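A.B. asks: Sharing a structure below in structure tokens format, with a few things to ask.
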Amino acid sequence: MRAITALFFLFCFVAPSALAQLRQGFYGRSCPNAERIVANVVANRFRRDRSITAAFLRMHFHDCFVRGCDASLLIDPRPGRPSEKSTGPNASVRGYEVIDEAKRQLEAACPRTVSCADIVTLATRDSVALAGGPRYSVPTGRRDGLRSNPGDVNLPGPTIPVSASIQLFAAQGMNTNDMVTLIGGGHSVGVAHCSLFQDRLADPAMDRSLNARLRNTCRAPNDPSVFLDQRTPFTVDNAIYGEIRSQRGILRIDQNLGLSGSTRGIVSSFASSNTLFRQRFAQAMVKMGTIRVLTGRSGEIRRNCRVFNNGR
């Protein structure tokens, strides 16, 4: 209860404009089983595929960092009308079919009530808990956006300098601690294709045994992928920060977090305390979920998460 209360007050502090209509238990009367329906759909998928946590963390981040958490990422491209899905950074985002199933069940139970933006937020929260991460409450009441334009997509790549990443997060109202928390936490259950970390393989400072193992893996055809957290790849925990501190960060951005004067202290703190990481990760996820949300009469409640209600 204390953790939930602390998160609620943090939410009040960081997002006063969204607080007016975002609240915990938003669907308590209009669709009382909404969160349970989403949780069951996610749990069913997690039992078959534990990597779904990484997929939802990526989806949630990629949605919220482009025009806010409005499910604009979910819109399918059409002939002559590309969408955010059409862009390179979003080509590897997956898990849409799980959102579709949750939406199908919610529409059957409570037609035109629960937004796709809230489904993504809830599904991500539930998948984190299933992967051993913190359990936290999220406010709901988001509405779905009416625009999905590939020109709006400006997401950080794997070699982005720490200073540029700090600026990008600051533009979304997120501070440096949030950035280190979300990048490391998201990558704690993620994978990367070999083509994304060739620069690290050429880095003499990289741990030699890890470098040799990665080089061997990357000799295989079809651009193989590797776990970014070599110790606990299916658990949302602080292990990746210890890896970074030991020059075992696989992506350039991960390793740079451990080298930059602006962030290495945060990395060290998380590496030393999973309790601290869990607390900060929950707070940062709640905070990210309030980025430029649509509420009230803004936007719409999509009937199909892949298509605007007017069919355009």
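Every residue, even glycine, has its Cβ placed from backbone N, Cα and C.
These figures come from a predicted structure and were not determined experimentally.
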A.B. asks: CYS31 has a disulfide partner in TrEMBL; which of CYS110, CYS116, CYS194 is it?
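C.D. replies: Disulfide partner per TrEMBL record: CYS110.
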A.B. asks: TrEMBL annotation: CYS305 disulfide-bonded to which of CYS64, CYS69, CYS116?
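C.D. replies: That would be CYS116, the partner TrEMBL lists for CYS305.
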A.B. asks: CYS69, CYS194: which one closes the disulfide with CYS218 in TrEMBL?
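C.D. replies: Matching partner in the record: CYS194.
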A.B. asks: CYS69 (disulfide bond): which of the recorded positions GLU84, HIS187, CYS218 have a C-alpha within 10 angstroms of it?
C.D. replies: none
A.B. asks: Rounded to the nearest Å, what's the C-alpha distance separating GLY68 (Ca(2+) 1 binding site) and HIS62 (active site, proton acceptor)? Just drop the number here, would you?
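C.D. replies: Each residue's Cα considered, GLY68 (Ca(2+) 1 binding site) and HIS62 (active site, proton acceptor) end up 9 Å apart.
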A.B. asks: Spatially, which candidate from the recorded positions HIS62, SER72, CYS110 is nearest to HIS187 (heme b binding site), comparing Cα atoms?
C.D. replies: HIS62
A.B. asks: If you measure from the Cα of CYS194 (disulfide bond), which of the recorded positions ARG58, ASP70, SER72, ASP229, ASP237 is the nearest?
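C.D. replies: Checking each of ARG58, ASP70, SER72, ASP229, ASP237 against CYS194 (disulfide bond), the shortest Cα distance is to ASP229.
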